[in-house]
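**Q** Please find one structure pasted underneath; my questions will follow.
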């Protein structure tokens with residue numbers, strides 16, 4: 001069976017080496033009588049998996065010692081609620097930067113617990129007579145004086161917009177970031193953040209796990225009505241095992257962390273990701289048949305949306321069906337958008353992007 005390249009925004013491809021290792025270890029059930037999917041999270045065997053995976057993640061991101069790593073459930077949407085419940089404290093407001101769909105979704109949830117100060121950072125920027133989506137410089141974000149924290153999403157998966165600049169503000173702010181679609185794609189200066197959270201299903205592992213990295217001094221501030229399963233202090237005190245965690249997703253994520261270390265770490269991964277993105281964006285920009293409407297300075301390295309210049313529902317469906325015949329799947333854009341989207345996370349090999357761009361050139365030649 002030929003390899004299928006999955007360009008879906010998530011769940012995404014897993015590294016082939018990780019899938020093979022998991023297959024081998026599951027096959028050992030015949031010898032051991034039990035598999036990693038069946039063991040207790042309290043067992044010595046799984047405790048070793050949990051500790052190793054946490055340490056490997058700390059090594060990859062160079063996480064300082066005054067941060068806790070939590071392995072949770074509920075996805076990023078769960079964190080949209082957990083963040084204000086844990087961090088607002090006695091304050092009533094927090095700064096929320098909007099740049100796309102997911103940051104707006106975080107705001108909708110935050111409104112249940114406080115009054116978010118909404119800063120619209122999106123802007124349409126003219127380049128050679130054409131307007132492109134972009135993001136205002138961080139220096140122009142009008143933050144409030146009394147906000148408990150500032151929340152933003154460095155990579156918007158639907159629009160394909162990224163905020164590459166680090167969050168440096170003129171006065172101290174606890175910064176909270178939704179890194180769901182870009183975590184582990186490049187080095188992160190963790191100590192610039194109070195909280196980092198990410199759903200696993202893009203760059204970490206399979207769906208079902210959520211990683212939260214929280215600075216120690218932000219623990220113990222949760223509202224009294226915060227559900228225990230979302231309370232950072234409770235999760236930290238119980239080593240992320242207040243309830244039964246998604247053990248198999250945690251185990252597979254641990255294998256991904258080891259794979260990333262074996263590849264040379266995040267500097268090497270970032271180099272590969274830039275190579276893949278450059279190949280895809282160049283194909284789009286050099287061919288009038290395709291269009292990406294994000295300013296080059298804010299293009300995502302993970303999610304590349306594009307449309308056909310002569311787009312019709314029939315032509316779009318033809319593009320998707322012919323791509324699927326070539327083992328290129330998951331290219332349909334999000335339901336809230338139109339056109340196509342290629343998500344090229346860490347596990348997507350450069351060969352997959354090469355195969356996609358070759359198909360795109362061929363399709364444009366035939367139908368352009």
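The backbone N, Cα and C atoms fix where each Cβ goes, and this holds for glycine too.
Not my notes, these are from Swiss-Prot:
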- 42: L-glutamate binding site (BINDING)
- 76, 77, 102, 157, 178, 201, 243, 244: pyridoxal 5'-phosphate binding site (BINDING)
- 202: N6-(pyridoxal phosphate)lysine (MOD_RES)
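Tell me what's around each of these sites.
**A** Under the DSSP three-state reduction, residue 42 (L-glutamate binding site) is assigned to coil, being neither helix nor strand. All protein chains shown were included, and the count of other CB atoms within 10 Å of the CB of residue 42 (L-glutamate binding site) stands at 9.
Sequence-distant neighbours of residue 243 (pyridoxal 5'-phosphate binding site) (same chain, 6+ residues apart, CB-CB distance under 8 A): 229.
Reduced to three states, the DSSP call for residue 202 (N6-(pyridoxal phosphate)lysine) is coil. Here residue 202 (N6-(pyridoxal phosphate)lysine) comes close to 9, 10, 11, 12, 157, 180, 181, 183, 302, 343, 345: these same-chain residues lie at least six apart in sequence, with C-beta atoms under 8 angstroms from its C-beta.
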**Q** Tell me which residues of the chain lie with their Cβ under 8 angstroms from that of residue 178 (pyridoxal 5'-phosphate binding site), as long as they are six or more apart in sequence?
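**A** 76, 79, 102, 103, 106, 151, 152, 153, 154, 197, 198 - these are the non-local Cβ neighbours of residue 178 (pyridoxal 5'-phosphate binding site), listed in sequence order.
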**Q** Could you check which of the binding-site residues 77, 201, 244 is the closest Cα neighbour of residue 42 (L-glutamate binding site)?
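**A** Result: the closest of the binding-site residues to residue 42 (L-glutamate binding site) is 244.
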**Q** In the structure shown, which of the binding-site residues 157, 201, 244 has the fewest other Cβ atoms within 10 Å?
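**A** 244, out of the binding-site residues 157, 201, 244, has the fewest neighbouring Cβ atoms within 10 Å.
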**Q** Just to confirm: which same-chain residues, 6+ apart in sequence, have a Cβ under 8 Å from the Cβ of residue 77 (pyridoxal 5'-phosphate binding site)?
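**A** Sequence-distant Cβ neighbours: 105, 109.
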